[in-house]
Amino acid sequence: MAHLLLLHGPNLNLLGTREPEVYGRTTLAQIDAALVDRAQAAGHVLHCLQSNAEHVLVERIHAAREDGTAYILINPAAFTHTSVALRDALLGVGLPFVEIHLSNPHAREPFRHHSYLSDKADGVICGFGADSYRLALEAVIARLERDA
């Protein structure tokens with residue numbers, strides 16, 4: 001049994017109502033519930049946290065090094081394009097991570113094309129709406145089974 005950490009960045013608490021044509025109508029609570037259930041069915045525990053504050057996400061990443069977290073799944077949202085702090089935190093704890101995006105940032109405004117995390121992530125899954133999270137979790141579960 002592995003402990004997994006799912007982090008959601010700024011404004012993702014508004015999922016379901018914020019720009020549904022871009023992000024869909026599925027709420028964050030619905031995404032989290034489905035992923036917690038899927039992780040549990042695979043014999044793992046998934047812990048979820050959403051924050052609009054960069055330092056809260058950084059502190060949770062730091063805590064992951066000591067609390068038995070095996071893998072981090074992260075949708076950094078707008079912090080993707082700005083946060084050296086998240087990058088440094090992820091590198092500092094040395095845990096594998098997957099970067100997730102609901103939309104395809106490469107098909108959007110040019111300022112969204114750069115990620116401070118992608119080159120260090122085990123993988124990046126984007127553009128599949130709420131399914132991006134499910135696909136990321138399935139990839140992590142497969143990786144854990146392969147490495148067991």
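Every residue gets a Cβ built from N, Cα and C, even glycine.
Note: R18 (site 'Transition state stabilizer') has non-local neighbours N11, i.e. same-chain residues 6+ apart with C-beta under 8 A of its own C-beta. Residues or ranges marked as site 'Transition state stabilizer' by Swiss-Prot: R18.
Y23 (active site, proton acceptor) falls within a helical segment according to DSSP. According to Swiss-Prot, the active site, proton acceptor annotation covers Y23, on the basis of sequence analysis.
The DSSP secondary structure for N75 (substrate binding site) is strand. Annotation source Swiss-Prot lists substrate binding site at N75, H81, D88, L102, S103, R112.
Positions annotated as active site, proton donor by Swiss-Prot, on the basis of sequence analysis: H101. The Cβ of H101 (active site, proton donor) lies under 8 Å from the Cβ of N75, T80, V124, I125, C126, G127, S132, each of which sits 6+ residues away along the same chain.
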**Complete:** The largest Cα to Cα distance in Å among the residues N75, H81, D88, L102, S103, R112, listed in the record as binding substrate, is 24
